Amino acid sequence: MAETMRALRKLEAGPGATLQEVPIPTIGPRDVLVKVRAASICGTDYHIYTWDPWSAGRVKPPLTIGHELAGEVVAVGREVTACKVGDYVSAETHIVCNRCPRCHMGEYHLCENTKILGVDTDGAFAEYVAVPEQNIWVNDKDIPFELQSIQEPLGNAVHTALNGDLTARSVLITGCGPIGIMSVPVAKMAGAEIVMAMDINEYRLQLAGQLGADVLINPTKQDPVEVVRSYTRGYGADVVLEMSGNPTAIRQGLKAARNGARISLLGLPGRPLELDLAADVIMRGLVLQGITGRRMWQTWYQVRSLYRAGLAERLRPLVTHRMPLEQIDAAMELMGSGQSGKIVLVPDLKA
């Protein structure tokens, strides 16, 4: 094995990322060295690349970015037993402390001291990445690497959608970014009676339709509340999966929900949000759920079962672009345009 590798690095505060030749990571006794075969771009990566206020307050350069990964194990620490050389793996990117009360209660996704791969530690937009053994997930080898790499964000969709019963329910998904779009086939496979997808981006709406959405709603052209009620016998949606973080979409989702509906909130608003809690939530008996990350490891087992039941094949259209590390600027520009599904970086792909 060579001693160096190519990696996309955030070298200093400010926009952009630099492709550098750096040493291949060394691993400790409980670490795993993974040769990265595919790494999909997440909204978090875009925030770090563009260097928004959140990134400026959280990320400490220099740092190799990227966290949604799939690859092959090429070396393991002497105490590692969870995987072996040659295994195909992905990673749970939340590195938890195992010491706080939430970890002690088995709520690892709510760890008080979480560190994130590619945000707080060197990440996966590189030819190799070192991952703690406790974060390794061994994949079925018949799943393409690009679909293995999107399991982490898919876990967010699964956690949000399956945090309550969907059987025979009407479901409204507000926000058709990749996670919102992933929620469409998840809800369908979970037995939803009808799945309605809402976004102002026509490209993303059509992609949601390709993945199985029954109704596509563009709130700039239609009244979403009226549309939802027209498909739900005038009552409103049984379940709202809020994936956008957009204040207007959140309010529309609440108004489009039936009395007593479940509202699962994953999208992060960029500013404080004003709601009429009395009229829109309390008096209507809505059940609001804040969703963060994936349950460790319950959600990963759910994803595996769904993949084996056919979800992997259904998600193929979501991966719209495959690009080499050298094209990170073009990849981020494309992501910012909103005219893509999931963009996957492939280190072995030639520019």
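The backbone N, Cα and C atoms fix where each Cβ goes, and this holds for glycine too.
Taking a C-beta cut-off of under 8 Å and a sequence gap of six or more, His67 (Zn(2+) 1 binding site) has these contacts in its own chain: Ala39, Cys42, Thr44, Asp45, Ala91, Thr93, Ile116, Leu117, Gly118, Val119, Gly123, Ala124, Glu152. Annotation comment: Swiss-Prot describes Cys42, His67, Glu68 as Zn(2+) 1 binding site, evidence class sequence analysis.
The feature active site, charge relay system is assigned by Swiss-Prot to Thr44 (among others). Secondary structure at Thr44 (active site, charge relay system), as computed by DSSP, is helix.
What Swiss-Prot lists as active site, charge relay system is His47 (among others), and the listing cites sequence analysis. Long-range C-beta contacts of His47 (active site, charge relay system), restricted to its own chain and to partners at least six residues apart, with a cutoff below 8 Å, comprise Trp54, Ser55.
Among the features that Swiss-Prot reports, Zn(2+) 2 binding site is placed at Cys97, Cys100, Cys103, Cys111. In the three-state DSSP scheme, Cys97 (Zn(2+) 2 binding site) falls into the coil class.
DSSP assigns Arg204 (NAD(+) binding site) to a helix in the three-state reduction. The NAD(+) binding site annotation in Swiss-Prot covers Ile179, Asp199, Arg204, Leu266, Gly267, Leu268, Ile291, Thr292 and rests on sequence analysis.
Put plainly, the recorded positions Thr44, Thr292 were compared by Cβ crowding within 10 Å, and the winner is Thr44. Considering other CB atoms within 10 Å as the measure, the emptiest surroundings among the binding-site residues Cys97, Cys103, Ile179, Leu266 are those of Cys97. Cys97 (Zn(2+) 2 binding site) sits 37 Å from Arg204 (NAD(+) binding site), taking the Cα positions as reference. Just so you know, of the binding-site residues Cys111, Leu268, the Cβ with the fewest other Cβ atoms around it within 10 Å is the one at Leu268. All protein chains shown were included, and the count of other CB atoms within 10 Å of the CB of Glu68 (Zn(2+) 1 binding site) stands at 29. Between the CA atoms of Thr292 (NAD(+) binding site) and Cys103 (Zn(2+) 2 binding site) there is a gap of 15 Å, rounded to the nearest whole number. Nearest to Asp199 (NAD(+) binding site) in space, judged by Cα atoms and limited to the binding-site residues Glu68, Cys100, Cys103, Cys111, is Glu68.
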